[in-house]
Amino acid sequence: MSDNFYDVLGVSRDASEEEIKKAYRKQAAEHHPDVSDDDDAEERFKAIQKAKEVLTDEQKRQQYDQLGHDRFTEADKRGATGGGGPGGAGGPFGGAGGAGGAGGFEDIFNQFFGGGGGRGGGGGNRPRQGQDLRTGLTIDLEEAFEGATKEVTLTRPTQCDTCDGAGHPPDADVETCSQCNGRGQVQQVQQTPLGRVQQTSTCPRCEGSGELYSEDCADCGGDGVVREEATLSVEIPAGIRSGQSLRMEREGAPGENGGPNGDLLIEVDVDVGDRFERDGDDLRVNEAVSFPQAVFGDTIEVETVDGSVEMDVPTGTQSGETFRLKGKGMPRLRRRGRGDLYVKVGVVIPDSLNEEQREALEAFAEAGGEDVDVGGGFFKKLKSSF
C-alpha cells in the first residue's frame, strides 16, 4: 500500500472535501480492525484515519501538497504542522489555537504559504468547518442485536439566530481595526530553529475580521454562537459493539465564515446484562443441567438473544464443558453472518434426596465398586467431582 495520503484513500489530488470524506467512510468501513480479518488491518486503518485528518484540513492539505509526503511526515513528527482548532482548541499536532493565532512552526508555514488564523485559529476570513462534537449513548444487547432507532439529547453550540452568527447587531457602528489596518493580520519577527523569520498571525484585537463593532449581540455576547439543547434521531446498526462511534455529519459545532458545521460523534455503550457475556461477535452463556441429564444425555432449550434453540447434551457430559452453537451469536457489523454462542454446562448436584433417589444412588455406587460413606461423604464426593 502506498504511503501517499491520496493513494491511501483512493482519490485524486484535486478531490473535493466531500469526495475525500466519502472515500474515507468507504475505506474505514472496509478496513476497520473490528471488521477486517487482514493481519495489517489496524495499521491500514490508522493510515486511513491519518490521510483523512490531513486532507480534510485546508491548512494541513496545503502544507502536504507543498512539502510532499516525506517532508510533511518529518515536519509532523517535529510538531511543525497543523494549527489550532476553532474556539482556541489545540490542533492534533500540538499547534496552539485561539484568537491570537498559532505559534511556532505553524507560523512559519503560514508565512511561506499564506496563513494567518481568523477567529479561533482560522485562516483569515476563509470558510472553516466547525469542530466535531462528542456524546455517548447506552443501548441494551437486544438493540445492538437487531439495530434500532434511538434519540440522543445534548447541549451544543449553534449559530445565534439574533445576529445570524455575526456577533453584533446589524445596525452596529463599524470601524477599521487600527492595529492591523483592516487586514486582519499582523506581522512580527520571531526567532525560530530556522533563524529569524517574519511571521504573519491573526490580529489579536479584531480576531482576524479587520473590523471593530460598537456593540456585541446581546444574546451571544459577540461569539456568534449560543448553546442550545437538541434531540436527534440516530440509526444504530445491528452488531455494533461498546466503544464504537457513529458519525452524524453536519450535526457538530457551527462553522466559521460560512463554513459547514462539524460532525457529531456518538460513542455507543452496549449494556449486555447479566445473562450473556460478549466477546466480539460471539456470546457466552451458562446453562444448568441435572445429574441424570449429564449422565444419560438429553436435549435442552437454550435461550439466545432472539429466542430459544435446542442443544444436545451428550452422554457423560462433565460440568464445565462448553458447546458451540454456530451462528447464534451477534450479527457481524456491516458484514454477512453472525458470531457463535458458546454454552458452558454446569451440572447441578441435589442437596437432598428422597428415599427412592438415595437407594438408587447407593446401588449406583455399589455397582461401580465404590466404597463410600453414604451417610454424608458420598454426596460431598459426588459434588466435588463436578
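Placed from the backbone N, Cα and C atoms, the Cβ positions cover glycine too.
Take the CB of Cys217 (Zn(2+) 1 binding site) and look out to 10 A: across all protein chains shown you find 22 other CB atoms. According to DSSP, Cys217 (Zn(2+) 1 binding site) sits in a coil region rather than a helix or strand. For Cys160, Cys163, Cys217, Cys220, the entry in Swiss-Prot reads Zn(2+) 1 binding site, with the evidence type sequence analysis.
Marked as Zn(2+) 2 binding site by Swiss-Prot: Cys177, Cys180, Cys203, Cys206. The local packing around Cys206 (Zn(2+) 2 binding site), expressed as other Cβ atoms within 10 Å of its Cβ over all shown chains, amounts to 25.
The feature domain 'J' is assigned by Swiss-Prot to 4-68.
Residues or ranges marked as region 'Disordered' by Swiss-Prot: 22-132.
Per Swiss-Prot, the feature zinc finger maps to 147-229. Counted with DSSP, the zinc finger (147-229) comes out as 0 helix, 39 strand, 44 coil.
Secondary structure of the domain 'J' (4-68) per DSSP (helix as H, G, I; strand as E, B; remaining residues coil): 45 helix, 0 strand, 20 coil. Closest to Cys160 (Zn(2+) 1 binding site) in space, going by CA atoms and restricting to the binding-site residues Cys177, Cys180, Cys203, Cys206, is Cys206. Between Cys177 (Zn(2+) 2 binding site) and Cys217 (Zn(2+) 1 binding site), the C-alpha separation comes to 19 Å. The Cβ of Cys180 (Zn(2+) 2 binding site) lies under 8 Å from the Cβ of Val186, Cys203, Arg205, Cys206, Gly210, each of which sits 6+ residues away along the same chain.
Cβ proximity to the Zn(2+) 1 site centre (mean Cβ of Cys160, Cys163, Cys217, Cys220, cutoff 8 Å) flags the following additional same-chain residues: Asp161, Thr162, Asp164, Gly165, Ala166, Gly167, His168, Asp216, Ala218, Asp219, Gly221, Gly222, Asp223, Gly224, Val225, Val226.
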